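As recorded in Swiss-Prot, the features of this protein are as follows:
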type	residues	note
MOD_RES	S2	N-acetylserine
BINDING	10-17, 23-24, R62, 89-92, R100, 116-117, 189-190	substrate binding site
ACT_SITE	H11	active site, tele-phosphohistidine intermediate
ACT_SITE	E89	active site, proton donor/acceptor
SITE	H188	site 'Transition state stabilizer'
Amino acid sequence: MSKHKLIILRHGEGQWNKENRFCSWVDQKLNNDGLEEARNCGRQLKALNFEFDLVFTSILNRSIHTAWLILEELGQEWVPVESSWRLNERHYGALIGLNREKMALNHGEEQVRLWRRSYNVTPPPIEESHPYFHEIYSDRRYKVCDVPLDQLPRSESLKDVLERLLPYWKERIAPEILKGKSILISAHGNSSRALLKHLEGISDEDIINITLPTGVPILLELDENLRAVGPHQFLGNQEAIQAAIKKVDDQGKVKQGKQ
């Protein structure tokens, strides 16, 4: 029996999403389409009469800005927003900044799919010579995390994402839900997938088939033990959502004529 409702979403589109590049921990802002996606998400939640008590985000701009725009559309700007690196996007290591389609050309579509969607496969780690290494690790936000800078990841599998996310879920988010508070989590594709895997009991093998489009609210109904009652539900125009999911899936494929 459903006792709690939780809204999770992947942030609105950023420029690197549009350019089909691995964004990861690079702090890209929302582009114009992403701004509209976030506002539309807020409008959908308003139409469904959602009222939030607390919002959780990563410490990346695109996650935070999406949450702000949603709250603005809801007229709930006063709702507290808490940010943690533990909700950050998956760290894609040496793949950061690279184009997914070009990677598929060079390494094959299946390898790129494993890097993007599998549970256990970890991309090569980021090195200090990487063009975005210092932009990430010199940023002040990573010097005030709950782990030392030298213990932050240099690359992650989805399994790693879940392992760093779960303590925050159990210690900070879950207790608020159990108090009866209405929670919104504005996160990223892979931190959201990791959380869905945990709450829905999705297998290591099946998680590769879960794809989340940008800027679409996801409803999870949870029981008294915070386990999902039924599968997650995308809120909005289902035909448009399925088209958006296919678009995300196709990012790691080589377009016809280039093979």
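Quick reminder: no glycine exception, Cβ is built from N, Cα and C everywhere.
In this structure the C-alpha atoms belonging to E89 (active site, proton donor/acceptor) and R10 (substrate binding site) are separated by 10 Å.
Least packed by the Cβ count within 10 Å, out of the recorded positions R10, H11, S24, H188, G189, is G189.
If you draw a 10 Å sphere around the CB of W16 (substrate binding site), it holds 19 other CB atoms from the protein chains shown. Its Cβ placed at the centre, R90 (substrate binding site) has 27 other Cβ atoms within 10 Å. For S2 (N-acetylserine), the spatially nearest entry among the recorded positions R10, H11, W16, R90, R100 is R10, judged by CA separation.
Taking the Cβ of R100 (substrate binding site) as centre and 10 Å as the limit, one finds 22 other Cβ atoms among all the protein chains shown. In sequence order, H188 are the recorded positions from S24, R90, R100, H188 with a C-alpha within 10 Å of the C-alpha of H11 (active site, tele-phosphohistidine intermediate). Reduced to three states, the DSSP call for R10 (substrate binding site) is strand. With respect to their backbone Cα atoms, H188 (site 'Transition state stabilizer') and R90 (substrate binding site) stand 8 Å from each other.
Sequence-distant contacts (6 or more apart, same chain, Cβ under 8 Å) of E13 (substrate binding site) comprise L30, N31, D33, G34, E37, T214, G215. Taking all protein chains in view, 12 other C-beta atoms sit within 10 angstroms of the C-beta of the residue listed as 'N-acetylserine'.
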